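The structure appears right after this line, and notes come after that.
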Amino acid sequence: MTFRNCVAVDLGASSGRVMLARYERECRSLTLREIHRFNNGLHSQNGYVTWNVDSLESAIRLGLNKVCEEGIRIDSIGIDTWGVDFVLLDQQGQRVGLPVAYRDSRSNGLMAQAQQQLGKRDIYQRSGIQFLPFNTLYQLRALTEQQPELIPHIAHALLMPDYFSYRLTGKMNWEYTNATTTQLVNINSDDWDESLLAWSGANKAWFGRPTHPGNVIGHWICPQGNEIPVVAVASHDTASAVIASPLNGSRAAYLSSGTWSLMGFESQTPFTNDTALAANITNEGGAEGRYRVLKNIMGLWLLQRVLQERQINDLPALIAATQALPACRFIINPNDDRFINPEAMCSEIQAACREMAQPLPESDAELARCIFDSLALLYADVLHELAQLRGEDFSQLHIVGGGCQNTLLNQLCADACGIRVIAGPVEASTLGNIGIQLMTLDELNNVDDFRQVVSTTANLTTFTPNPDSEIAHYVAQLHSTRQTKELCA
């Protein structure tokens with residue numbers, strides 16, 4: 001038997017994990033084992049909301065060392081993280097300034113300024129990326145305007161996964177799928193857009209040309225002295241999750257469900273027409289030259305904050321209590337900027353309900369019901385937008401990532417969207433990370449080949465839409481009375 005041992009480092013906004021994958025060539029079987037799981041979160045530092053990258057690096061190294069201590073020969077390592085955030089380095093490779101998180105308020109108002117000065121349509125035609133107030137384009141403008149004293153010291157700007165790969169290998173890389181999330185990559189050249197960089201105030205010399213997934217960045221020297229290749233995987237976690245989505249045919253859509261929900265479809269060509277711009281659709285880079293045509297939805301961040309504020313530890317019990325409540329009594333727009341990082345999420349949700357003359361969700365279960373119903377309705381809205389954009393309805397929706405374990409939300413999504421939902425795999429980002437490593441090691445031919453492996457090894461659950469459910473009736477009523485595109489606009 002021929003085995004490959006690949007390690008995926010998968011960092012999310014709320015947690016990280018080091019996972020060991022064992023691939024058996026002859027039977028094309030893939031098994032995952034969690035080596036080390038650790039928390040991640042936002043920190044307040046010198047007036048900024050930041051990431052503790054030193055703690056994350058220590059956790060990554062701890063996980064890798066654990067694998068080596070077991071006597072396992074690692075064939076390769078790959079790192080994926082969330083998008084848009086970056087670390088600045090000087091000529092010696094030392095950090096400059098703080099690793100500020102995208103939920104910091106420093107870029108407030110700069111998106112509107114960019115649209116006014118450059119033109120919204122021109123920015124979109126250049127980048128193909130949706131307008132979000134925390135995109136790297138606006139973060140860099142905030143940095144160069146608010147901290148000009150740092151600029152003479154900056155030699156390099158590395159996005160998060162590239163930074164951690166650099167810390168392991170000493171080699172710098174700018175991976176394409178994650179680079180596209182910055183709104184700074186030209187959609188036609190796949191290189192940094194000089195006009196957008198100039199507006200941001202960043203120096204083009206801070207960046208190297210983006211590289212597509214599958215190259216070896218460098219090597220990590222394990223404690224035993226072995227040189228282990230570190231592969232540039234599809235380092236944006238959603239790009240990795242999509243690779244592991246067992247999409248079957250062109251009529252399949254995906255929803256990567258976690259702190260963020262990202263709904264979209266794969267395409268060989270980007271969509272940058274007026275319809276896409278009006279819907280704020282993004283065309284992020286994917287593997288093998290594919291585009292991830294999608295839309296960001298605030299996701300389970302709202303629930304995570306409610307769990308934290310209410311000190312709720314038993315999520316299954318909360319979901320059970322939520323399921324017993326009537327649907328659609330409390331509806332908010334999860335994509336409202338007010339929910340990006342409010343001081344108190346529960347109060348913010350209640351305020352939004354009050355402003356729309358709705359009952360107030362008071363109990364833990366009512367708050368959760370508000371979030372689940374609102375997300376499902378927004379999923380239905382976005383899926384409809386995507387279908388209109390491509391000119392063809394979808395036949396099924398694949399929900400992947402940690403959020404796909406929420407069976408109530410899965411069923412609400414199926415009912416609201418009126419579409420068959422297939423949930424799984426849970427560790428989609430990890431699996432997609434591993435998939436690119438196996439392709440780089442010449443164990444698999446391409447993404448479609450890897451998806452066949454996922455389909456036969458992952459636990460998948462199907463949810464059939466119930467047209468008689470409360471939320472399905474609510475959607476039908478909405479469609480008959482509302483013509484606006486955005487939910488609760």
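We count from 1, first residue shown onward.
Including glycine, each Cβ sits where the backbone N, Cα and C put it.
As given in Swiss-Prot:
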type     : residues                                                  : note
ACT_SITE : ASP237                                                    : active site, proton acceptor
BINDING  : ALA13, SER14, SER15, GLY16, ARG17, THR259, GLN304, GLY402 : ATP binding site
BINDING  : GLY83, HIS236, ASP237, THR238, ASN296                     : substrate binding site
DISULFID : CYS68-CYS222                                              : disulfide bond
DISULFID : CYS353-CYS370                                             : disulfide bond
DISULFID : CYS413-CYS417                                             : disulfide bond
- Which whole-number value in Å describes the distance between the Cα atoms of CYS417 (disulfide bond) and ASN296 (substrate binding site)? 17
- Note on the structure: Across all protein chains shown, the binding-site residues SER14, SER15, THR238, THR259, GLN304 give the max Cβ-within-10 Å count at THR238
- Nearest-integer angstrom distance between the alpha carbons (Cα) of GLY402 (ATP binding site) and CYS68 (disulfide bond): 27
- If you count the other CB atoms within 10 A of the CB of CYS417 (disulfide bond), including all protein chains displayed, you should get 26
- Item | Spatial neighbour of GLY16 (ATP binding site) that is closest, considering only the recorded positions CYS222, ASP237, ASN296, CYS413 and their CA atoms | ASP237
- Message: Using DSSP and collapsing to three states, where does SER14 (ATP binding site) fall: helix, strand or coil?
- Response: coil
- What Cα-Cα separation, expressed in whole Å, is found between SER14 (ATP binding site) and the residue listed as 'active site, proton acceptor'? 13
- If the substrate site is taken as the center of the Cβ atoms of GLY83, HIS236, ASP237, THR238, ASN296, which further residues of that chain fall within 8 Å of it by their Cβ? TRP82, ASN178, THR181, ALA239, SER256, TRP260, LEU262, GLU284
